[in-house]
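**Student:** My structure is below; once you've seen it, I'll send some questions.
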Amino acid sequence: ALETLKMFEKKDSRVKSAAATNLSFLYYLENELAQATNYADLAVNSDRYNPAALTNKGNTVFANGDYEKAAEFYKEALRNDSSCTEALYNLGLTYKKLNRIDEALDCFLKLHAILRNSAQVLHQIASIYEIMEDPSQAIEWLLQLISIVPTDPHVLSKLGKLYDNEGDKSQAFHYYYESYRYFPSNIEVIEWLGAYYID
């Protein structure tokens, strides 16, 4: 893939930008941040209005820990294409990292309106409500999530934990037991079930 894309580097600016965007993403996946950054820069310089290039540039900056700058690239990508879901998702993650929880929630709720059945988006919304210490909302979003991924042991155990914290032992048992059924090696779940049976 890298070799093929490198053949397009000498073409006109839009083709070059598209090839450089893909090269940047491939290097990013391989965790070669220096190369990913170089190609992200080339992609943005070739076409400043390419939302995917700006998102990739944001990703490389995010990976280097400069979250404020990453947010700027994601916002610019969204100004160029308001339907760029990758930029909106990553902006939400960036705000979460910066502890700007309300803005992060706003991003993920907008995304939920676009991608109704995205498990990742539902998980992020539930996670944010948990950070905001609103367990009933977190539970509600996790219940939506397991309607899409009913066999995810992590989500099931998270539901068990939230119900347990709320004092609802029977619901907690139900979700912990379901989690155990799909992934019987989680020590935390086994310990909870053991303690429940002792009680």
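Quick reminder: no glycine exception, Cβ is built from N, Cα and C everywhere.
Worth saying up front: this structure is predicted, and the values here are computed from it rather than measured.
Below are the features listed in TrEMBL for this protein:
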REPEAT    51-84  repeat 'TPR'
REPEAT    85-118  repeat 'TPR'
REPEAT    153-186  repeat 'TPR'
**Student:** Just to be sure I understand, if DSSP states are collapsed into helix, strand and coil, how many residues of the repeat 'TPR' (153-186) fall in each?
**Tutor:** 27 helix, 0 strand, 7 coil
**Student:** Counting only residues 6 or more past its boundaries, what in the same chain has a CB within less than 8 Å of a CB in the repeat 'TPR' (153-186)?
**Tutor:** 123, 126, 130, 135-136, 138-139, 142-143, 145-146, 192-193, 196
**Student:** For the repeat 'TPR' (51-84), what's the model's average pLDDT?
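**Tutor:** Summarising the repeat 'TPR' (51-84) by its mean pLDDT gives 95.
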**Student:** What is the three-state DSSP composition of the repeat 'TPR' (85-118), stated as helix, strand and coil residue counts?
**Tutor:** 27 helix, 0 strand, 7 coil
